[in-house]
Amino acid sequence: MLDIQLLRKDLDGVAKRLADRGYTLDVAAFAALEAERRETQTRTEEMQARRNSLSKQIGAMKGKGEDTSAVMAEVGGIGDEMKASAAKLDDIQKRLSELLQGVPNLPHESVPMGKDETGNVEVRRWGTPRQFDFEVKDHVDVGTPLGLDFETGAKLSGARFTMLRGQIARLHRALAQFMIDTHTQQHGYTEVYTPYIVNPEILYGTGQLPKFADDMFRVEKGGDENTVTQYLISTSEISLTNTVRDSILEADALPIKLTAHSPCFRSEAGSYGRDTRGLIRQHQFDKVEMVQIVAPETSYAALEEMVGHAETILQKLELPYRVITLCTGDMGFSAAKTYDLEVWVPAQNTYREISSCSNTESFQARRMQARYRNAQGKPELVHTLNGSGLAVGRTLVAVLENFQNADGSVTVPAALRPYLGGIERLEVAAG
């Protein structure tokens, strides 16, 4: 959530920056609510001052033995008015909060201007795409003989669900384990196992609600317990980041670096007809997530570090990729700045997103009330960052396609072989 003081000080300036990312702020609605708030607050303060004055007058009158009934009646009337005014002020504050909860973060000054993904800027590339001397297959054709089972996944759960069997299941597990080990052993993250079901207020904290409710899977408890709507996580960023909600951390507790391997559940609303073949866009997929909770002055250095951590995974797997900076019109709701890592997908002859690393600055922290004690000992909002390290299913896609062989086998990247008992190739079973 944006700091409301920013809007109060420079409403037109904030509206301009939001317009840069394709969001139209309802300036008139905010200005009207603010005017109503100021008027109500001023009236409340005037009544408070009048009541205080009358209370002193009552004391003086009693000291003189004078009749105070009329003045006390006026004080009582003011009290009733103040209660009504306070209720009105609470309602205005609630409406202001609801308005702000739908407003995205402000883009950092270094973010390139652009309306959509065509405005994204490439930062660097690593690796050279392999030149094949045979006809390249996509991951569906490579993976199906090795245990990729879309038919059973669809039979069990419908479209965009997949079952992995045998060698493919082992490779998928090896990828996740390799990522977690790298982040915990080399990058200083603490591994966390998180709940996959969270309460609505947790999603408000990280910005999925209220704006993106249609992208989530909702669940309800069975039995006789009071029914409360909860949600399946769309990323473990949600649960990891909210570990510091309603907290005041000591400065020496920062940075906090957390990582988790979890399934992610997304309804993919609005994605009809996109990436219908294969593993690229699924309702359920695994991801290894990185989250950092840091002091504000270090957050952009932390963002660069986090991107480097995601790059390390791709480099160890020998997968060609590129890093791009998302433009103002292509960033996610909570982000102030985002880098995407895109891996080379040979069958599509293009790069596809495999990681997104974002600095949300204080946007999520304000919604969660996550603070730390700064150098002056005063509570200040932390900055929160999140990044994929990596999307496991899409990494599986990249391995299958980049390491495929003419005979249908897949060479196992050297970094993964210790997780697969030293196996160097996934072979298609005879017959």
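Cβ coordinates are placed from backbone N, Cα and C, and glycine is handled just like the others.
It should be emphasised that the depicted structure is a prediction, and the values quoted were computed from it without experimental measurement.
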Inset, instruction - Figure out which of E191, E289, E342, E427 sits with T235, S236, E237, S388 in the L-serine site per Swiss-Prot. - result: E289
Legend entry - Around the Cβ of S267 (ATP binding site), the count of other Cβ atoms that are within 10 Å: 17
Inset, instruction - Output the one of E237, E268 that, of all these binding-site residues, has the highest number of other Cβ atoms within 10 Å of its Cβ. - result: E237
Legend entry - DSSP-derived structure type at E237 (L-serine binding site), helix or strand or else coil: helix
Inset, instruction - May I ask which residues of the same chain, at least 6 positions away in sequence, place their Cβ under 8 angstroms from the Cβ of E289 (L-serine binding site)? - result: T235, S236, E237, L240, T259, A260, S262, N386, G387, S388, G389
Legend entry - R266 (ATP binding site) CB neighbourhood, other CB atoms within 10 A: 20
